[in-house]
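Engineer: Following this message is one structure expressed as structure tokens.
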Amino acid sequence: MVNSKGEITDSDPGSNHLLLNGLPDKAGKNQDTEPENSLCSQYEEKVRPCIDLIDSLRALGVEQDLALPAIAVIGDQSSGKSSVLEALSGVALPRGSGIVTRCPLVLKLKKLLNEDEWRGKVSYQDFEMEISDPSEVEVEISKAQNVIAGEGQGISHELISLEVSSPHVPDLTLIDLPGITRVAVGNQPADIGRQTKQLIRKYILKQETINLVVVPCNVDIATTEALSMAQEVDPSGDRTIGILTKPDLVDRGTESKVVDVAQNLVCHLKKGYMIVKCRGQQDIQDQVTLTEALQKERDFFEDHPHFRVLLEEGRATVPCLADKLTSELITHICKTLPLLENQIKENHEKITEELKKYGSDVPEEEHEKMFFLIEKINAFNHDINSLIEGEEFVGEDESRLFTKIRNEFHKWSCVIEKKFQQGYKAIYKQIEKFENRYRGRELPGFVNYKTFEIIIKQQIKELEEPAVYMLHMVTDMVQAAFTDISEANFAEFFNLYRTTKSKIEDIKFELEKEAEKSIRLHFQMEQIVYCQDQVYQRALQRVREKVADEEKNKKINSMSSEEVSSVNISLSEIFEHLLAYRQEATNRISSHIPLIIQYFILQAYGQKLQKGMLQLLQDKDTYNWLLKERSDTSDKRKFLKERLSRLAQARRRLAKFPG
């Protein structure tokens, strides 16, 4: 029997020999103990470190960031789930009607090889309690559930951890989940069934979880909710183990069907099935100890005509189940460790980058706040300077601001060319009108300067509004870029961000107005038709040479009338002058307007904004106001730091793990 320290006493006939999991093996009590000690030593070296590693990561809270290898125990109500866990752990867990397990229970079993003392520990939230007697476990778990989930019948997703260290338990960690319920009873929430399934699915959905499905032998396995849920998340059965309970309640004549299920012939699972017989309610009333129940279980299978074969195949009894679960868990851990290490590394890098967005904590001391604000403003000004110099960092699929502005300037050149081309259509009508109505004593071919002046002024005037439109386009682009930099640097400081955004807006209106004034002034000056004599003469010469070359390639046809010849001669002459002047005007306008925009909207805008930001440092009384963080920023930074700390510790532990 088990004494107050959880030890198996000599009165138990099967206690002379223990399996690796610490449970009695009647068949092996005459074997030599020396090989066993050697095997136990190897087992301890390989098994315990693996389980301890995952348990330590779970204790760090790493499971909040990514899934850890685990065995989750699920079953319908009254499936015998609690009895299986009791048999494995050697301690009594809460029992009763309705939902008994109301919080996920992490059951950490640690086998002690060189100690006889039983030790237990319950921990949840910020509470931790050492337990010295196995009989206290049930009460403490019930207390923990009441604290977390309330006194009623509700459930909670919050974990309770129970650690049991004893020579008579296997090295194993299990997560016990609430039993599946269908109908709310008593003071249970009306949607208790949905809540329970949602909690169970949260665990069994993870690919890192081995699902341990507890099913009574005396029900149709195809109708059990637990197995159905496991099949939904693991249709191939790769990570599901079936546990058949209550074989003593099977109707006579149906034993062969149970054997077929246990031998994986009915509902196939790659990890197979195990069958166990745990303490029933009558055994508990008769005060049958867990150790005595294990011996009764073995006797049951040895003497049963149908189920004996399952014992011989290693598919029956709690000790065999413990060995299988430990073996499966270790294999699963070793298989997932490389992936887990990569996931932790990737998460660590991702959170490190995310934390950079939130910057450092605001200092408490006033003089430190000044340096902190200076550092923030200097970083902002550096980013603004990089932007106006065309040296800012951009992503792979992004373009620098100056590249976008240059594209607008290129469009401007195209607009100038298009406007001049469209203007030529009006020239024919202008000259024809002059020739037919207003030509006086002038001989054919003499250009009327006034006509030339009117045409060129009108063409240039039509470019004024497109130039102003381009100014507004570029201004909006620069303002948006400055605002993005402000958000990147000051997003967590609402007042500082709002102040900076206000400065960006005010300076924009001021300089955009000045730039527009300069552009309109330029177009007013362009209404004076002027070009340096030598510059114009060279331009006219180039045009005439080009026209002469084109004429050589054409056949000269005689005109039918003098009037047509007169118009042609006038057109040819005025076109040459228009093209010559247009070349010089185009050079001036296509370059000077972008220069005005660059000066006011990029250089002056950026410089004035940087000076305005530095002026914020002059008023020390506003430091606290400017550096007041958004309500959620500090919490988010703290949350990210905690995650980063967890993952950093996890990386160190994985690095030290011998593998």
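In case you wondered, yes, glycine gets a Cβ from its N, Cα and C as well.
Swiss-Prot lists 75-82, 176-180, 245-248 with the feature GTP binding site, giving sequence analysis as the kind of evidence. What Swiss-Prot lists as domain 'Dynamin-type G' is 65-338. Among the features that Swiss-Prot reports, domain 'GED' is placed at 571-659. Per Swiss-Prot, the feature N-acetylmethionine maps to Met1. The region 'Disordered' feature in Swiss-Prot is assigned to 1-40. Annotation source Swiss-Prot lists region 'G1 motif' at 75-82. Taken from Swiss-Prot, the feature region 'G3 motif' applies to 176-179, supported by sequence analysis. What Swiss-Prot records for 245-248 is region 'G4 motif'. Annotated region 'G5 motif' per Swiss-Prot: 277-280, in sequence order, evidence recorded as sequence analysis. Positions annotated as region 'Bundle signaling element (BSE)' by Swiss-Prot: 339-364. Under the heading region 'Middle domain', Swiss-Prot lists 364-531, citing similarity to another entry as support. As annotated by Swiss-Prot, region 'Stalk' applies to 365-629, with the evidence given as similarity to another entry. Under the heading region 'Critical for lipid-binding', Swiss-Prot lists 552-555, citing similarity to another entry as support.
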Engineer: So how many other Cβ atoms are close to Pro247 (GTP binding site), meaning within 10 Å of its Cβ?
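Structural biologist: Other Cβ atoms within 10 Å of Pro247 (GTP binding site): 24.
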Engineer: Excluding near sequence neighbours, so keeping only residues 6 or more apart in the same chain, what lies with its CB under 8 A of Ile180 (GTP binding site)?
Structural biologist: Ile74, Gly75, Asp76, Gln77, Gly193, Thr196, Lys197, Ile200, Glu225, Ala226, Met229
Engineer: Going by DSSP, how much of the region 'G1 motif' (75-82) is helix, how much is strand and how much is coil, in residues?
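Structural biologist: DSSP composition of the region 'G1 motif' (75-82): 2 helix, 2 strand, 4 coil.
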Engineer: Please average pLDDT over the region 'Middle domain' (364-531) for the predicted structure.
Structural biologist: 86
Engineer: Just to be sure I understand, if DSSP states are collapsed into helix, strand and coil, how many residues of the region 'G3 motif' (176-179) fall in each?
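Structural biologist: Residue counts for the region 'G3 motif' (176-179) by secondary structure: 0 helix, 1 strand, 3 coil.
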Engineer: In terms of DSSP three-state secondary structure, what is the assignment for Pro247 (GTP binding site)?
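Structural biologist: Note: Pro247 (GTP binding site) is helical by DSSP.
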Engineer: List the helix, strand and coil residue totals of the region 'G5 motif' (277-280) as derived from DSSP.
Structural biologist: 0 helix, 0 strand, 4 coil
Engineer: Per residue, counting other C-beta atoms within 10 angstroms of the C-beta, which of the binding-site residues Ser78, Lys81, Leu177 reaches the highest number?
Structural biologist: Lys81
Engineer: Among all the protein chains here, how many other CB atoms are within 10 A of the CB of Gly75 (GTP binding site)?
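Structural biologist: Around the Cβ of Gly75 (GTP binding site), 28 other Cβ atoms lie within 10 Å.
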